[in-house]
Amino acid sequence: MAPEAWLIDENDEDQRLPHHRNPKEFVPLSKLREIGVLYWHVDPQNYESNEELKKIREDRGYNYMDILELCPGKVVNYEEKLKNFYREHIHADEEIRYCLEGSGYFDVRDKDDVWIRIWIKAGDMIVLPAGIYHRFTLDTSNYVKLMRLFIGEPVWTAHNRPQEEHPARQGYVKSLMENSGAHAVTAH
Ligand SMILES: CSCCC(=O)C(=O)O
Ligand SMILES: [Fe+2]
């Protein structure tokens, strides 16, 4: 199973709308992998006792966990938080989110700096690599419940674009180049 992902049509419409291009241009999971995005589907029912989730957390060292619910009325400074989530940014570390209920859009920049929109629903777990430019918005359902995971003490600091000098950004760009280099070699 894979999340639906597509290239964005950038226009001034509400950010909660899908922003499909015409015609629609879907993006396969393999393309997301190429830019370092990881994905699992984990049954969101009884997630507390889910063995697969436990294994992912153990394998990747995700010992920190909390739950974030986003909907109007439930969150302090709701509008401001959402505005900040939708501002293009990077982090020094991975961003790991597991959707328990509801849905939302993670937008990530591809290698050519084009926006890809990834539609996350209950059961979708996604890891954005450190240094990737991204942003988040609710969709028109206006509700999401997310598990946030982290290795060690969490740091949620968002570094807004531009961040070309940031070590995490430089490391990410380097990993992209090494990745495409490997493809060029195997193509010969
Ligand atoms: C609401 S989770 C995703 C938003 C985001 O990019 C972040 O928290 O840094
Ligand atoms: Fe983020």
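Even glycines carry a Cβ here, placed using N, Cα and C.
According to TrEMBL:
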| type | residues | note |
| --- | --- | --- |
| BINDING | HIS89, HIS91, GLU95, HIS134 | Fe(2+) binding site |
| BINDING | HIS89, HIS91, GLU95, HIS134 | Ni(2+) binding site |
Collapsed DSSP category at HIS91 (Fe(2+) binding site): coil
Cβ-based neighbourhood (8 Å from the centroid) of the Ni(2+) site, residues HIS89, HIS91, GLU95, HIS134 excluded: ILE90, LEU128, ILE132, TYR133, ARG135, ALA158
